[in-house]
Number of protein chains: 2
Amino acid sequence: MEKINIGLIGLGTVGSGVLEMISNNQDKISNITGRELIIKTIVVRNVAKHREEVADDILLTDDVNDVINDPDIKIAVEVMGGINPAKQIITDLLNAHKHVVTANKDLIASHGDELAKIAHKNTADLVYEASVAGGIPILRTIVNSFAADEILEVKGIVNGTTNYILTQMQQKSWSYEDALKKAQELGFAESDPTNDVAGIDATYKMIILSQFSFGSHIALEDINIEGIQNIKLEDVTQAAKFGYTIKLLGIATRVGNGIFAEVAPVLVPSDHPLATIHNENNAVMVTGQAVGETLFYGPGAGGLPTANSVLSDIVSVTKNIVLGTTGNTFNNYQHESEPIDKSNVIYPYYLSLQMKDIPGQILKVTKLMTELGASFSQIVQTKANDTEARVIFITHSMSKDQLKTLKEEIAKFDSISLNAAYKVLEN
Amino acid sequence: MEKINIGLIGLGTVGSGVLEMISNNQDKISNITGRELIIKTIVVRNVAKHREEVADDILLTDDVNDVINDPDIKIAVEVMGGINPAKQIITDLLNAHKHVVTANKDLIASHGDELAKIAHKNTADLVYEASVAGGIPILRTIVNSFAADEILEVKGIVNGTTNYILTQMQQKSWSYEDALKKAQELGFAESDPTNDVAGIDATYKMIILSQFSFGSHIALEDINIEGIQNIKLEDVTQAAKFGYTIKLLGIATRVGNGIFAEVAPVLVPSDHPLATIHNENNAVMVTGQAVGETLFYGPGAGGLPTANSVLSDIVSVTKNIVLGTTGNTFNNYQHESEPIDKSNVIYPYYLSLQMKDIPGQILKVTKLMTELGASFSQIVQTKANDTEARVIFITHSMSKDQLKTLKEEIAKFDSISLNAAYKVLEN
């Protein structure tokens, strides 16, 4: 059987998973593609450290040129991560007419369009299923199965670390700090968790999901990003009493001929499918004009699940090599988006305020709301401490502009402070 | 822009959805495929009845030869349903070198392999995403995204009618008969609902899902099939008290080098993702050796959702036409399965027995179980009527053979009858 040689760049959790899966599932892969896949070369930073893990017939090297300059290697798999030097390496690989499979969401979200052009110019494939939601095959599904439908919204839980923390806060009544510590102990959170807990990782994934769903690139600076660092256990508990579960959601919605995108904590109705996604799992909900609501659920990270997405890319590239159809862009839908009017983006909000426990405070807030043309659907008052009350409001739908003005006006009061303002998803 | 002409055979709910989607989403389809899709001809039984629905530039005919013999038509879409005459029509279309898109699960489950060979011989595509779980893009996802993984199990709710009935029984405390009547009023069940409620429809879908997941054809007669017609409200209620939701599940599991497949009512833990699939929705859970558990959820039927799957097939075929890569079989994984030893298939069971309310009855059953080497984890006794008790057991895992013997032995007692025996899914 004809062989296809692969160069693997990076041998961390995902790289090891790719190595394991290719060796375990060679029969099925050959059955489907008619080719034998061979890992010929592996590039690592420290050769000595990985010597034991790698079979002797594989070239283990610290020089990426051993892949770039090897005419026998057809497919390069980049699982080293980070933007530099990965960007230059992938550029060089594509210019050397290698097909590239990558799991690098930061790079694809930031420079995907540029790299896709280089790939196309070289009749090379550039695919990156594993860059979003690890084990969930969402990108290829959007390409193949929503090709004729208009996607109205794509939203989901696309970061496992934050979902693990929020699940533990809810189920165990832990504080954010305790849940984060546990996540770090279990390896679900890094020692510097900022990229995850501040919502950056989820935002990169939403940029890629939006490109596939709407055909347009949204710049990082056009996305509202709020992390989970300030979520208090009392808010998780209070949300549950109202019938909601707090989740870090990425939401990208078509508004007119534009797209509104946001990553933020959201109160999700407890019987909504997204509320039932626990721990490190991910889920992406795609709403199509014709098909309605669909949901794709699976492991968001982990070596083997992510490796499975890498392998599905490798098999796809292999089929293209066999059929002579390489060089087509992974996301082939292009559509110009217009700037949106944010006053059209309306949601109910969960507002948590702390105020001096003296008469007239709630009146101040309700007066403000009335002046803004907004209103409440639920109010609960509890004791915050000896001299202050905690008052929780769930509002009717209001715009971002209304919310902004409300926040500015509340900031002017000495006796009232706004501790939290989270979107509420309706069923 | 180059045009691709399509012949549409059938203009029911799905056919009308296809017509509507092609006209509404022409821009996006052209953007992706570089081709304009034209419905040139529509074949219906009664031309007069449909005249008003169809634009004048489309040929509306009752003669399928107007598609088969038209050299300008490249793709035929069969949405008439049923095995005859659909089988002959699709054979003729393929032999006339038309690519065929069909939503016909009965036909594909029964004669899919034979038709795939005819398609391949004619370098024609034969694709049928819409045949399983209407709006859920599950077949193409298995082909593309599980290509390198070994699928261990595929299970799910693949019939919307029965899921609607069971959801209503649980949520409204309706009897089976009342829920069925309501489903018929709303159009979720046909006037003769046998095909749905007896599990036949779900079985056809499981046959197709198994072919894609395991590469092997399972014959209808090798599948245990049990419908929902005998489910009592009291069992739905009792299951809920134990923490379970009764769902009609199709399950196909790899056992050694064979496959065990079954369609039957199953007690699903209430916090399991499949328990949260309500009403007419469908969901398919695929468990891969590497990827773990993934779930795909969406509308199981309906004109537009199903039409979306048909359109994803049309777009896929169009891409193949453009790339010159037609004639590859939709499911390209072939793997010989061996007969399985059913004693290896073990589940806990929910058993509902009715027995004379006199001493020693439960003892008889527990003695039987002990002789079989099986045991119980939960027992609840309630009053059935003045002289009889209802006793519900949840067993520990036992084999099909043990269950069969148990049923046979219980049948020998005059004073005890077995009203229900349902599998229990563990989390």
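Including glycine, each Cβ sits where the backbone N, Cα and C put it.
No curator has checked TrEMBL annotations; they are predicted automatically.
Per TrEMBL, these features apply:
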BINDING   B:Ile9, B:Gly10, B:Leu11, B:Gly12, B:Thr13, B:Val14, B:Gly15, B:Ser16  NADP(+) binding site
BINDING   B:Lys105  NADPH binding site
BINDING   B:Glu190  L-homoserine binding site
ACT_SITE  B:Lys205  active site, proton donor
DOMAIN    B:350-427  domain 'ACT'
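Distribution of TrEMBL features across the structure.
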residue: B:Ile9; record: NADP(+) binding site; contacts (Cβ under 8 Å, 6+ apart): B:Ile42, B:Val43, B:Val64, B:Val67, B:Ala76, B:Val77, B:Glu78, B:Val79, B:Met80, B:Ile89
residue: B:Gly10; record: NADP(+) binding site; contacts (Cβ under 8 Å, 6+ apart): B:Val43, B:Val44, B:Val77, B:Glu78, B:Val79, B:Met80, B:Gly81
residue: B:Leu11; record: NADP(+) binding site; contacts (Cβ under 8 Å, 6+ apart): B:Leu19, B:Ile42, B:Val44, B:His50, B:Glu53, B:Val54, B:Val79
residue: B:Gly12; record: NADP(+) binding site; contacts (Cβ under 8 Å, 6+ apart): B:Val79, B:Met80, B:Gly81
residue: B:Thr13; record: NADP(+) binding site; contacts (Cβ under 8 Å, 6+ apart): B:Gly302, B:Gly303, B:Thr306
residue: B:Val14; record: NADP(+) binding site; contacts (Cβ under 8 Å, 6+ apart): B:Val79, B:Ala103, B:Ala130, B:Gly303, B:Thr306, B:Ala307, B:Val310
residue: B:Ser16; record: NADP(+) binding site; contacts (Cβ under 8 Å, 6+ apart): B:Glu53, B:Gly303, B:Ala307
residue: B:Lys105; record: NADPH binding site; contacts (Cβ under 8 Å, 6+ apart): B:Tyr128, B:Ser131, B:Val132, B:Asp201, B:Tyr204, B:Lys205, B:Ile208
residue: B:Glu190; record: L-homoserine binding site; contacts (Cβ under 8 Å, 6+ apart): B:Thr161, B:Gln184, B:Asp196
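Listed in sequence order, the residues of the same chain lying 6 or more apart from B:Gly15 (NADP(+) binding site) and placing their CB within less than 8 Å of its CB are B:Leu8, B:Ile42, B:Val77, B:Val79. Excluding B:Ile9, B:Gly10, B:Leu11, B:Gly12, B:Thr13, B:Val14, B:Gly15, B:Ser16 themselves, the residues of that chain whose CB lies within 8 A of the CB mean position for the NADP(+) site are, in sequence, B:Leu8, B:Gly17, B:Val18, B:Val79, B:Met80. Note on the domain 'ACT' (B:350-427): mean pLDDT across this stretch is 93. Here the Cβ of B:Lys205 (active site, proton donor) has 24 other Cβ atoms within 10 Å, regardless of which shown protein chain they belong to. Per DSSP, the secondary structure of the domain 'ACT' (B:350-427) breaks down as 24 helix, 34 strand, 20 coil.
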